[in-house]
Structure formats: structure tokens, C-alpha cells
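Reading through the C-alpha cells given below for one structure.
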Amino acid sequence: MIPRLLPFFASLLFAALLFPGDIPPGIRNTVCLMQQGHCRLFMCRSGERKGDICSDPWNRCCVPYSVKDRR
């Protein structure tokens, strides 16, 4: 029974290492600042679009419309 479970647990470990999960705290704020944005509570100001979430709960990254997407 153990030899049959070994490949299963090995594949779970591989998946956990391949997809590490969420970004560590504080990094999201830095990413927002690198996009020339500001972390704001709930809503963005006029002339800003809503981006990704920031490290603090409920905060969103607000990026000005003048900054073009680099994708």
C-alpha cells in the first residue's frame, strides 16, 4: 500500500513547489508603486483605474489612466 501512495504524495509535493501560492505581504504594495500607482481604500479617484489588490485588507492599487499598460 505504501508504494502505491508514494507517487501520489510525490506529485502533491511537486505541485506545491511548482505553484507556491500567494505573494508575500508587503510585496503587493511595492508592485503597485512600481506601476506608478497608489494603494487606496475601496475606491479610486477620478482619472484612475482599479488594479490589483494591495497588501493591506480592502486596499486596491489605483493607477492613473495616463500610465499605459506594459503587457
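Residue positions begin at 1 at the first shown residue.
Cβ atoms are placed via backbone N, Cα and C, with glycine included.
What Swiss-Prot records for C32-C61, C39-C54, C44-C62 is disulfide bond. Feature annotation from Swiss-Prot assigns signal peptide to 1-19; the stated evidence is sequence analysis.
Under the three-state DSSP scheme, C44 (disulfide bond) falls in the coil class.
The Cβ of C54 (disulfide bond) has 23 other Cβ atoms within 10 Å, all protein chains considered. Cβ packing within 10 Å was compared across the disulfide-bonded residues C39, C61, C62, and the lowest neighbour count falls to C39.
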